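Here is the structure we will look at, set down as structure tokens.
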């Protein structure tokens, strides 16, 4: 999708009030999920009595306070998650945006029982030391099938936080390598790093954006700026944070104003790079700030970032942990930008199931064992990625995402029109959509209420609901959501 | 094993020169591994031509420089790893100490094909939000079957680095919670942490030991002190490092001298806690410094650490990522110490396959979502742990480790006696053994040479070889190693 199409999508308002009846549902090139439920089934409160008993039992062993309910995964199918009390919910949150092609996908079941998968699971290799014989072929058939344009190397890791941590390390090593002009390490560097002191442990920084989220380990948490609860009591590096554009939606209706906002933010980024008391080696940015509230910027802004980073010799890391793998209608959200040169690093996890980052040879460290660990990822997750990519291509799931996303967005505009001021800032790309409510309490009330009607959803930012359906979510599923959302709004606001 | 037995083991020198013939091999209560190879088979150079071609191919996609060879895992069995050139090697390194019960273990194969495993793999949950219905029971049947005495909670994670990162977070949250006397966060804390500034992002430290290794992410790397290559060019927290005892082996022959060394080290730890310019919230220590050279301290030292940490309100983290899960003849190496009160936190990964840390309720954060992430570990690895623990118990693998380890140690003393000054500092517990060579080059030459005779091994520290066989390694396997080690020494040193 071109940038003009992106802006058009984000500003679409040609909705009409509809009844969300079966006849109005568009079809997609994607086949129905085999054996899926017809619609949500709610039998008890959620969490129900069995979930509550299990929460009590888990509490003796582990912190259960974030649990929505206990799931019965054997009984879950496609877009529907089952709980232990026999409730069947339409899942639009999908394990914090990490299920790509449906619960109990038959192709994944078949593959998981194969000797190849079984061997990968039980003979877990140290991939850096003793890689399996099919590892290069598997990389070609999985990661490289969807490698971002211009990046031909992949570093594999275990999760999104580790992907970003290792990306930061690659950026710092690259920065110092350039600085020392390829010369070997000095004796001072070799000895001082053992004391965590300069010059071996240099004072360098990664610039991130306010409201950004990049993980919870010590490096990534120093760049996460979404919520205090993630950061309180944890020591952090004194790294700079720039303001992310706080744009007005629909974007196209506020193009001039938004451009001014983005220009100010770009100026701030450049100013921070020039003046921060610790040199900025890299910046990290999400294409859409997800955990921080589904905040958008335009391709103009990201091209500006690329220009500034190029100008100042700063690496540009695009964090596609949540946006990658199709939810915006393209494999990578940054494809919507048409950058004049690729980002230096693109990180991934979640719906990829396998985690890591793409890069080029200039971000391979000068020696081996420098960006390294015991497992270096997990080959079974690369095998899973191979199946997921195959399904996306065979079943035209990116086309499905565009059709389903447009249908969802239209439906949201329909309902919002009947609740002026309550449902705000409908925005997004593909099925990666979000809406705002006036207050956090109202947002939370809607999520709790619609769960009791059989839809599992999640919030983000202060007062947003984020839509994170699977790539196999079709307009018919969205219709079930829209009817229940309509009902929720009626019941809560007596309209 | 009591501490006196530990010291006796570490100081054992009642070896006799033997021929490593079949008749001298002790038996263990552990059954032979089904369908295992009889001995190593070497057909080509290692890496052979097919491994070399694959290294070339991988180089186009990923850094291959640390690869020893490409493995054929389908063809590997028990203690033997197969490479792509048809060589069969006795594996005494085991994917950097992380394979517990043998390649293609039949019980793991059977379990991996079960519906329960398949569902866990392909329906990957966000364990903190939507745990599977069998999660509490699975925790009870896996992690809690081997929980260290005195610790009844488990935090699950994806790898050893993340286990330690999250443990540090738990320690910092605990420290601040105690400091603020349970009071709520102040507005200053809530706002300052978003800027990575005090008081919300406090200046606190974790004390670690020189030569220690705890991971490679930014928090853990700040506590890793084993080698410069891991740390160069990466910004680090200004945290203190104490001297780990550099004891003389055999320990019992140098008891007085060693005690003085340990006393000096304990004084240094206390001095650092009292005087470091950043308050010390926790210390982390390996029971045996593994990556840093298999360095030992006595139970006296660890009890001293426990006393000092208790006295100063500092949390004690024991990093059992490499030592845990049976290799010392007990599930946890710190069981050998008989501490007067348990450590506050014990971290694990590697042979557990599942990663995380044990703790008590006082290290559960005050609110949910504070020590959190998308996946919170991987249930399939807990399922694997369940099988591994079952096999350890059913097949008496801890007894096997003690018998095999003693046999290995005796054999090493035999050979060392014929190469005085060349093979030094034979030391260890269970099969967690190590030897030193006079120089790094000599150590590397031995490892390279014995690989060509069909034994896969790994180094540690500057000039050590570490033995990290599986728990299913028997004296008969060790005999194969000893004969090849003997041959290696003869061929390299013409004795």
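Glycine too: its Cβ is placed from the backbone N, Cα and C atoms.
For reference, Swiss-Prot has these:
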type	residues	note
BINDING	B:160, B:161, B:374	pyridoxal 5'-phosphate binding site
BINDING	B:216	substrate binding site
MOD_RES	B:350	N6-(pyridoxal phosphate)lysine
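Sequence-distant neighbours of residue B:160 (pyridoxal 5'-phosphate binding site) (same chain, 6+ residues apart, CB-CB distance under 8 A): B:215, B:321, B:347, B:348, B:349, B:350, B:355. Distance from the CA of residue B:161 (pyridoxal 5'-phosphate binding site) to the CA of the residue listed as 'substrate binding site' is 6 Å. Under the three-state DSSP scheme, residue B:374 (pyridoxal 5'-phosphate binding site) falls in the coil class.
Here the recorded positions are B:216, B:350, and the one with the most other Cβ atoms within 10 Å of its Cβ is B:350. Reduced to three states, the DSSP call for residue B:216 (substrate binding site) is coil. Sequence-distant neighbours of residue B:161 (pyridoxal 5'-phosphate binding site) (same chain, 6+ apart, CB under 8 A from its CB) are B:214, B:215, B:216, B:217, B:220. Using a 10 Å Cβ-Cβ cutoff, residue B:374 (pyridoxal 5'-phosphate binding site) registers 24 neighbours.
Of all residue pairs in B:160, B:161, B:374, the annotated binders of pyridoxal 5'-phosphate, the farthest apart have Cα atoms separated by 17 Å.
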